[in-house]
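In TrEMBL this protein carries:
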COMPBIAS  54-67  compositional bias 'Low complexity'
COMPBIAS  486-496  compositional bias 'Basic and acidic residues'
DOMAIN    554-631  domain 'UBX'
REGION    47-67  region 'Disordered'
REGION    476-496  region 'Disordered'
REGION    540-560  region 'Disordered'
Amino acid sequence: ACTGIENIDEAITLLEQNNWDLVAAINGVIPQENGILQSEYGGETLHGPAYGPTSHSTVASSTPSSSSAFRHVVPSRQIVERQPRMLDFRVEYRDRNVDVVLEDSSTVGDIKHILENELQIPASKMLLKGWKTGDVDDSTVLKTLHLPKNNSLYVLTPDLPLPSSSHSGALQESLNQNFMLIVTHREVQREYNLNFSGSSTIQEVKRNVYDLTSIPVRHQLWEGWPPSATDDSMTLAASGVTFPCHRLTVGRRSSPVQTREQSEEQCTDVHMVSDSDGDDFEDATEFGVDDGEMFGVASSALRKSPMMPENAENEGDALLQFTAEFSSRYGDCHPVYFIGSLEAAFQEAFYGKARDRKLLAIYLHHDESVLTNVFCSQMLCAESIVSYLSQNFITWAWDMTKEANRARFLTMCTRHFGSVVAQTIRTQKTDQFPLFLIIMGKRSSNEVLNVIQGNTTVDELMMRLMAAMEIFSAQQQEDIKDEDEREARENVKREQDEAYRISLEADRAKREAQEREMAEQFRLEQIRKEQEEEREAIRLSLEQSLPPEPKEESTESVSKLRIRTPSGEFFERRFLASSKLQVVFDFVASKGYPWEEYKLLGTFPRRDVTQLDPNKSLLEVKLYPQETLFLEAKE
């Protein structure tokens, strides 16, 4: 009713950005010049152009017993006209940031026309990226996208060439040069000659001047910076200061709420603010301590020993120094910080087995916040918190004090969590640090479950950690179930593959055995054939070498031999009685029965003729005039 916001997602986003403070959320949407909405507990009227006298009378007539924190408002369509909602856009292009403020009734093309004037780039060459709803065209009305009040976009110009290498070379040369800054302290009329490299930032210069003059950065009033030096994160090389020397003047900025006692002290950095009334700020130095000593740590020591080196090349080395410095300040009872890059911490926390996964807690430290020492010493180092973090979390830390380290983390944050989370951290004020980010890994992305600010208690911190753990446990159970089912499927498939492999091995072994058997049979067959051929050759040779068989009417003595084969067949031949016994052996071998394999036996008396001297004649061995012999295979 007050803001005209009907999209529930947009309303929840605004409430989360204001830590669920309804009044702050409504005031953030309704421009301040239109009035501030007040709750029942802080006021009795609703001011602003949307609520004229008629609206006020409606409020007064509302039910007194209502339990709502705000009075019921029934806007009249005849007299109430909602103010246009303003949207803030921060648009990044290469090394520039452009802030654009438009009504939600404007179009995407209106943003491009504003950027065309600021960046001197034709609107037709721009690709405007970073929309949560995907790519949009120039005619899209911003109101239809249901955007939050603060948005981050970036411009791509693929059709335009990159800046010339000569300009980049000149800038790189300037980064390597040393600049002499002659700084005059206005109040004491004292000059300081300070040497800085071109890569040093304006913020570093101001912090060094704070060490020399005791004027906090936020109270410094400068003269002499070039008009191009619009951002403290700019380097001296890019700021336009004169090389090699440049003159500057610094003084203390007067505060409208500064009390007479503070004016006399003129050295303050920490103010104690009462939450219950609107008293003026009181300087902590009135009690004889500075902002560091209030929490047991000297401010000079904090400045001399940073938690993390600036522009550290290796994140692991930076975390080693962070852990050592944290232990020296707050003792050894503290969370075990993961030593390594943020990507390695993701790997350790999210990408193991589902049963071994943990939540990732990212601690963002800031030395310039008044809450840091209390949060570290009383909450982060509490034994219950340390034990719970060790059991359920992988804890990774980063120091946001130095601007270079801050920018480096925001880049990592954008890459891993998206521009919305990075913008949320970017908009956090120094006094809202330290921050504790609770990250849960999901299948396709990493989700930020909670952003815990430094103004909390041990019990509240533990409750929020336990709440995040409950969400994570539910997700982990689902992941374990999915992983078990996947492993079961993989085991079945693995068993099937193993059975198939064994079957293939058995088939291959069987096939190889058959091939070996066939090869052996072929080899034996070849040997048999060769032996048969050899035997046949020998038989033919012996048959050809036999003397001719004598005729029956021969005048010489003839011996007639009748030989029975193992198969029962008989063959006969006549030999001269004077022929040697070897001729008989050769005749038998020519018939296929070599005497090396067969023995020739006589009948009466039974004798082994093959054992006789083959050079004796048939007459001498008494195989005359006739004899019946039979062949028998040798054993």
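Heads up, the Cβ atoms here are built off N, Cα and C, so glycines get one too.
Values in this document were obtained by computation on a predicted structure and should not be read as measured data.
The helix, strand and coil residue counts that DSSP assigns across the domain 'UBX' (554-631) are 13 helix, 29 strand, 36 coil. A Cβ distance under 8 Å defines the sequence-distant neighbours of the region 'Disordered' (540-560), meaning residues of its chain 6+ beyond its ends; these are 572-579, 583, 586-587, 589-590, 618-619, 623-627. Helix, strand and coil content of the region 'Disordered' (476-496), in residues and according to DSSP, is 21 helix, 0 strand, 0 coil.
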